[in-house]
Amino acid sequence: MAVGIVAVEDGQDRRYGGRITAFVVLSCMTAGMGGVIFGYDIGVAGGVSSMEPFLRKFFPDVYRRMRGDTRVSNYCKFDSQLLTAFTSSLYVAGLLTTFLASRVTAGRGRKASMVLGGAAFLAGAAVGGASVNIYMVILGRVLLGVGLGFANQAVPLYLSEMAPARLRGAFSNGFQLSVGIGALAANVINFGTEKISGGWGWRVSLALAGVPAGLLTLGALFLPETPSSLVQQGKDRRDVARLLQKVRGAGVDVGDELDDIVAAAAAGEAAGAGGDGLRRLLVERRYRPQLVMAVAIPFFQQVTGINAIAFYAPVLLRTIGMGESASLLSSAMVTGVVGVASTFASMLAVDRFGRRTLFLAGGAQMLASQVLIGAIMAAELRDSGGGGVGKGWAGVLILLIAVYVAGFGWSWGPLGWLVPSEIFPLEVRAAGQSVTVAVSFAFTVFVAQAFLSMLCHMKAGIFFFFAAWLAVMTAFVYLLLPETKGVPIEQVGRVWRAHWFWSRVVGPGPDADEARAGGKL
């Protein structure tokens, strides 16, 4: 058996029936609005923070340095803790919200969290667009962060639980596709609003977050709850069976899938007597592999450097000498179009080639790109004085950023959400997702708050910093992440007990099949 790969005997698999029904597609598209808002918020922050009217009104020190203070290093023009607080306040609020969202998601369902998240998004968009001082700007970001805390908790779980087992990767990668679409929309809107005379275009950019927020809030009111969540809440089995039949299609035998959902819930109750999911996840040895992945995968996702690129692509492009409009257009094309296209490619490939293959290929691609970006900036960008790199080298940098974004778009971007959402047993699934989201937010805050300062002090060395982490995470996946392609979500626990390393950690233990065989249902 190759390192990190788990061989699961075909005889142990329970293959569920089910078609791609219009019902499940529409439900997942509506839930995906949570991803659109996430991507929009990432993209819009980087765009408006490079707009001169916005900087002049709220960050005058940055504006003055950008306008031609030649005493300031080219790497340090945008180094402002207040400016980075504007970006990172969203993620601080998301971090503080996520554990409350976990309880709501487990106790009241995925739908309730999406409704609450959408309402918070609407409030944040309204406050941000109407801001008259820095406090209102940051309050708007905080409200958006509360929305992210709920939406990022619920939406990946919703997609994983509603998707047919054989296409779970494609459906779950729809979350990252939605994030990419949101980021592309933000970049295109920023490019247009920057041209509005009067200097109020940034208000339009911030306020338009209310469009996907409204769609999510209204749509979530009519969404069905997932069958797994209904079982977890103790709903009548016949009601769950009717919903599952509607989700999978008329005439499809859903008996095996429903049995596994009920078995997973019963096994969890028998093992932990219904104790607090987060406590069990943290202290019980049989959940140790999932806990490690819930921490390591979002951590690694952030130290790929992608959010540094996504947040600050327009700023980075201005650092190398581009004008305001050109930097926004280049950012839209690179981080938007390339990101969406590569994530769509990942949706088509993930259930054919597997999670590990995409992780490894994408990691190698991003590693090479970061090294080359760092080398060019170190050689060509002067530390101080006017101007940036030459036009030819600027074009090469844009190309390398595109290659980097493509690598992220078909690997760590979608898979960083897919894998954590599919590896947890039902009884700790909401708690596990809360850990994933909390770690993601925590390190997003770190990157957002530290990147401009690190760029100022480390200069081009920051790209080698991220490249080193890419080497570490690629080795981690090769050694420690088992393949989950095609394994039904309620049976994923088997892969840890078959893994060369994790089998020594978890030892033998019950899963849904064993619970059924043992008469626990």
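Note: Cβ is positioned from N, Cα and C throughout, glycine not excepted.
Taken from TrEMBL, the feature domain 'Major facilitator superfamily (MFS) profile' applies to 27-485.
If you look up TrEMBL, you'll see 20-40 (among others) marked as transmembrane segment. Sequence-distant contacts of the transmembrane segment (20-40) (same chain, six or more residues past either end, CB-CB distance under 8 Å): 110, 114, 117-118, 121, 144, 147-148, 151-152, 154-155, 158-159, 162-164, 167, 171, 174-186, 208-209, 212-213, 215-216, 219-220, 222-224, 246-249.
Annotation comment: TrEMBL describes 82-102 (among others) as transmembrane segment.
Residues annotated as transmembrane segment in TrEMBL: 114-136 (among others).
Long-range Cβ contacts of the transmembrane segment (142-159) within its own chain (Cβ-Cβ under 8 Å, at least 6 residues beyond either end) map to 27-28, 31-32, 34-35, 37-38, 41, 89-98, 100-102, 104-105, 110-111, 113-114, 116-121, 123-125, 127-128, 171-172, 174-175, 209, 213, 216, 223, 226, 417-418, 420-421, 429-430, 433-434, 437, 440-441. Per TrEMBL, transmembrane segment is recorded for 142-159 (among others).
Taken from TrEMBL, the feature transmembrane segment covers 171-192 (among others).
Distant neighbours of the transmembrane segment (204-223): 27, 30-31, 33-34, 36-37, 40-41, 44, 47-48, 111, 114-115, 117-119, 121-122, 124-126, 128-131, 140, 144, 147, 151, 158, 182, 186, 189-190, 193, 196; these residues of the same chain sit at least 6 beyond its ends, with a Cβ under 8 Å from one of its Cβ atoms. What TrEMBL records for 204-223 (among others) is transmembrane segment.
If you look up TrEMBL, you'll see 291-313 (among others) marked as transmembrane segment.
The transmembrane segment annotation in TrEMBL covers 325-350 (among others).
Below 8 angstroms of C-beta separation, residues 74-75, 304-305, 319-320, 346, 349-350, 388-390, 393, 396-397, 400-401, 403-404, 406-408, 410-412, 415, 459-464, 466-467, 470-471, 473-474, 477-478, 481 of the same chain, each at least six residues beyond the ends of the transmembrane segment (357-381), sit close to that stretch. The transmembrane segment annotation in TrEMBL covers 357-381 (among others).
Residues or ranges marked as transmembrane segment in TrEMBL: 393-413 (among others).
Residues annotated as transmembrane segment in TrEMBL: 434-455 (among others).
Residues or ranges marked as transmembrane segment in TrEMBL: 461-481 (among others).
Using a Cβ-Cβ cut-off under 8 Å and counting only residues 6 or more beyond its ends in the same chain, the transmembrane segment (171-192) has close neighbours at 28-29, 32-44, 47-48, 51, 155-156, 159-160, 162-164, 201, 204-205, 208, 212, 310, 314, 325, 328-329, 331-332, 335-337, 339-340, 343-344, 346-347, 350, 409, 413-418, 421-422.
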